[in-house]
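Notes follow once the structure below has been shown.
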Amino acid sequence: MHQMTLAEIAKGLEAKQFSAEELSRALLARIAQLDPQLNSFITVTEDLAIEQAKAADARRAAGENSPLLGAPIAHKDLFCTNGVLTSCGSKILTGFKAPYDATVVEKLKAAGTVTLGKLNMDEFAMGSANESSHYGAVKNPWDTSRVPGGSSGGSAAAVAARLLPAATGTDTGGSIRQPAALTNLTGIKPTYGRVSRWGMIAYASSLDQGGPLARTAEDCALLLGAMAGFDAKDSTSVDQPVDDYLAALAQPLAGLRIGLPKEYFGAGLDARIGEKVMAVVEELKKLGATVKDISLPNMQHAIPAYYVIAPAEASSNLSRFDGVRFGYRCENPVNLEDLYKRSRGEGFGAEVKRRIMVGTYALSAGYYDAYYIKAQQIRRLIKNDFVAAFKDVDVILGPTTPNLAWKLGEKNADPVSAYLEDIYTITANLAGIPGLSMPAGFVDGLPVGVQLLGNYFQEGRLLNVAHQYQQVSDWHKQAPTGF
Ligand SMILES: NC(=O)C[C@H](N)C(=O)O
């Protein structure tokens, strides 16, 4: 049962081959048996899952038949879930049970999904390896001595290991696409504003977007359709109808114009990854696509700009964690200042502190113009590059990551080397455009991801290209040995 995709589960439930309760119990047993090897869950919500599964079965028995009714999923642990621990991978949220559901959680609940639990992640989504979690590192099921990517590393590892068919994630600089690439999954970061951020614990508010990770583009389409939409509670949510992503999947690729940015295939890219990516391009040509070489000249400035803007926003967002209202509080504070200092000092991990300090510095008087304003100007240039490119092409294609999954601990001494892993993904967040990663094969037994970038609100087109590729390839069907 655990090999089934969401689309297959929907058919099985409809045909009464099994019930949602049976399926959830089977997956919960698998999580109990296998997750100790991966550490992908922070909380398993067994009772809630059984209760929701029974309710889904009752709705089906009463004649309801929507595709996600009874579908088991889990949420990255930064989506607030009513009455369930929401940790954001941090000690500072010790014991925090959100008093409400995030909009994404609420929408997926209403669609009838069953929540199996909350998934491990880099602390406050800061990382590309899922090693900064207070709850311990997550391991990659393709090689448990390696990282699964981050920050949605728990989501990626759990779905790749067939502990569940799909999960939610968030992407500020690549946190859906990069772990999807390193674990052989399909994941999509929607256009900024497409998915509500309400109830998502904020990291960098102008960049954060929620989205799905699954094993197929079809399953991503199913989930994204349920997650997306205008939300009056998020002032950056865009009031525009949600496309029918499932209907978009079937469109033939004849006439599709693909842009290959030269900057995505230059220095720093593992040549073996480049070859896999070009093999995908050849397949897409056979399906009728045409290819054009393009340039995104400002990409080289993306990492410095991102690592000013994201920490700047984080330093402001994270000021709310003060030991007073919720989460961790230091013992026996002598006065208010001591309470703040020690609660934050003891509650935040090293990477989070590093970014709060970088962000605070970049925003301080005298430095604001030199760093923050400059970074925002670069952001505009990056956006302009994409706007110009999309005049001539429908999608931009390249590798998702420059390297394969690395060994646990390998990049810990040098944070910048981990930041560089985001080189191909962060431009989409800075510009606000959608991006998708899908499986493109294996090098030395480790998954390779190919990234598709689209113009604003072109999620349907990205899912369409990925789905059509998945009809003529079977990389996405490969499962890691032992899972
Ligand atoms: N949150 C993300 O999208 C991941 C990115 N590597 C970061 O640390 O900011």
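Here the Cβ of each residue, glycine as well, is placed from N, Cα and C on the backbone.
Automatic prediction, not curation, is the source of TrEMBL annotations.
According to TrEMBL, the feature domain 'Amidase' maps to 23-463. Annotation comment: TrEMBL describes Lys76, Ser151 as active site, charge relay system. Under the heading active site, acyl-ester intermediate, TrEMBL lists Ser175.
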- When each of the active-site residues Lys76, Ser151, Ser175 is scored by other CB atoms within 10 A, the minimum falls on Lys76
- Quick one: what's DSSP say for Ser151 (active site, charge relay system), helix, strand or coil? coil
- Message: What does the structure give for the C-alpha distance between Ser175 (active site, acyl-ester intermediate) and Lys76 (active site, charge relay system)? Integer Å is fine.
- Response: 11
- Please give the average pLDDT for the domain 'Amidase' (23-463) in this predicted model. 97
- Three-state secondary structure, which DSSP defines for Lys76 (active site, charge relay system): strand
- Residue pair Ser151 (active site, charge relay system), Lys76 (active site, charge relay system) - Cα distance, angstrom, rounded: 9
